[in-house]
Amino acid sequence: MAAVQDGPKELDVDAKPEIDGTANLSGNPVSGPLSSSPPAGGAPKAEDQQTLLAVLQFLKRNNLSESVDILRREAGLTEVQEDSLVDGASGVKSGEDQPDVSVVLSAYSQQGDPSLYKVYYSNLKSFIESVLDCHRAELSQLFYPLFVHMYLELVYNNHENEAKAFFEKFSGDQECYYEDDLRILCSLTKKEHMKGNEVLLDFRTSRFVLRISRDSYQLLKRHLQERQNNQIWNIIQEHLYIDIFDGMPRSKSQIDSMSGSLAGEGKREVNKVKVFHGLLKEPEIEVPLDDEDEEAENEEGKPKKKKAKKDNIGSKSKKQDPNAPQQNRIPLPELKDSDKLDKIMYMKESTKRIRLGPENLPSICFYTFLNAYQGLTAVDFTDDSSLIAGGFADSTSDDVLERIMDEKTASESKILHGHSGPVYGVSFSPDRNYLLSSSEDGTIRLWSLQTFTCLVGYKGHNYPVWDTQFSPFGYYFISGGHDRVARLWATDHYQPLRIFAGHLADVTCTRFHPNANYVATGSSDRTVRLWDGPIHSLTFSPNGKFLASGSTDGRVLLWDLGHGLMIGELKGHTDTVYALRFSSMDNTVRLWDIVKAIDDVETDDFTATTGHIHLPDNSQELLLGTYHSKSTPVIHLHFTRRNLLLSAGAYNS
């Protein structure tokens with residue numbers, strides 16, 4: 001497998017993209033790092049066999065027999081073939097190491113003179129700092145992956161003193177977004193420390209992706225050949241994946257906006273997978289006029305007009321979106337009479353929606369949880385803004401206000417006990433009959449809001465579950481946790497329907513696309529994945545075309561799903577962004593003009609082969625308003641159907 005890609009000719013499927021397509025919810029593989037089916041025209045590669053075997057063993061350990069059968073069937077694997085794979089894997093064990101660990105670490109046994117490592121790195125650093133500014137930013141991307149692999153080679157070959165000196169001299173040169181990784185790396189000072197370290201294994205097995213212009217790459221190649229710096233060239237060939245593009249080199253701001261992931265940048269080829277981002281066709285439901293509308297007509301002295309009582313928004317949504325998936329692509333529950341009434345109410349309220357813009361900002365209603373000494377960890381509103389739920393660190397899920405929009409009944413509170421650890425995620429079902437809660441105890445619980453009792457406890461995650469969310473149509477829900485995978489569930493199945501694996505660290509947030517055909521996951525490995533950046537918050541635009549992500553560095557990034565590209569960056573928050581809605585922890589709510597951000601992007605750049613676009617540095621121009629709370633971090637945001645903005649958090653005394 002080549003380590004360097006020249007244009008779009010080669011595709012390395014081992015690298016992990018920042019936004020990629022791996023599997024759709026219907027179970028059809030699209031592309032990505034994990035595929036259970038063998039390639040056409042031959043048997044699976046050895047790495048694919050090991051991955052398939054590991055997944056099967058994991059499912060068996062957790063008694064997920066249905067998932068085992070499904071995976072075998074999709075992979076075309078019989079039990080006899082599986083046994084032969086097990087026998088083959090067991091025959092390569094040596095010593096105390098597991099096969100994958102020993103294979104991973106053995107790559108560091110080939111090393112040069114340890115005293116020359118600082119010289120090699122210093123020479124490369126001097127060269128990069130001496131080139132033109134336009135090339136310096138791109139070539140500086142080499143510093144971090146080379147630094148890590150050279151340090152690990154020294155540690156693995158028992159050169160502890162040289163490794164310590166190397167780390168102390170060059171660790172300060174790395175970018176700020178790698179600080180957490182460097183803290184972990186500095187604790188690996190002996191060969192024994194490397195065994196079983198998840199971060200190390202992830203970094204070693206994932207080829208670090210760098211995107212460099214052809215001119216910059218030629219400069220680097222010429223320098224290494226002239227200096228005969230084989231040590232660095234070998235690391236580049238074995239551990240890095242250089243994605244070369246034709247065009248002008250990228251600027252420092254463009255590189256910073258896409259960098260910081262444990263696996264480098266996303267790959268252009270993987271992010272070109274077709275995404276059906278359009279909305280599903282709405283069912284035809286007649287919407288009667290309000291009584292107040294009829295009275296208003298009579299007051300004007302005009303007779304009632306006999307016209308079809310249909311809402312304008314409803315009629316517009318009945319047109320088939322050319323970018324929408326097929327209606328039957330994902331089995332969805334049938335609409336009940338109560339669901340139809342809800343849709344009628346939604347359409348009627350939509351006619352009274354306030355049109356927002358730079359000159360007409362929304363009103364904000366802030367719900368502060370007072371005396372929340374047990375620690376507020378999660379908040380959710382129902383779609384009709386009638387209920388609010390809070391999750392707490394004392395293992396309770398609290399349906400705080402039963403009718404938050406009605407002052408007469410807003411005092412009633414229900415406390416739901418059941419989890420044995422802090423509750424980190426809560427989500428209402430679209431019909432407001434159920435509530436999901438995810439917890440540190442590794443379970444997701446489904447609660448009835450009619451009887452206020454726990455109906456089901458879903459077990460599948462082995463570690464804390466950080467987030468969960470219902471599908472826009474109910475029935476399905478998604479969860480993500482410390483075990484670095486996201487799971488797709490159905491409320492009437494106690495085992496997950498799909499397991500989405502690929503992140504290199506905790507899956508901290510999960511969101512369904514408005515058409516329910518895709519799931520987006522954000523991870524502390526600083527990537528966002530779209531399943532057919534650490535990221536702490538995600539939200540889709542109402543039209544399904546765009547995705548926004550918020551992270552610990554206070555930045556909000558905008559992504560175009562159809563092209564798999566980042567199209568905007570919003571700077572302003574000074575701490576972690578935990579809540580996003582289209583239309584943080586620094587105790588502020590900020591309103592951004594997303595329409596202007598999208599309009600300012602040059603659409604012609606989408607067709608370029610460079611895999612990136614030129615971002616306008618105008619985030620402050622997009623900031624419409626900043627609203628400070630007294631001392632309350634913002635945990636959740638929600639736009640009502642009439643465009644009132646609701647926000648919630650716990651008072652921090």
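Cβ atoms are placed via backbone N, Cα and C, with glycine included.
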Given ranges 1-46, 185-230, the stretch to which TrEMBL attaches the annotation region 'Disordered': 1-46
Taken over the domain 'TFIID subunit TAF5 NTD2' (112-240), the model's mean pLDDT: 87
Secondary structure composition of the repeat 'WD' (500-532) [DSSP: H/G/I, E/B, coil]: 0 helix, 17 strand, 16 coil
The domain 'TFIID subunit TAF5 NTD2' (112-240) - residue tally per DSSP class, helix then strand then coil: 101 helix, 7 strand, 21 coil
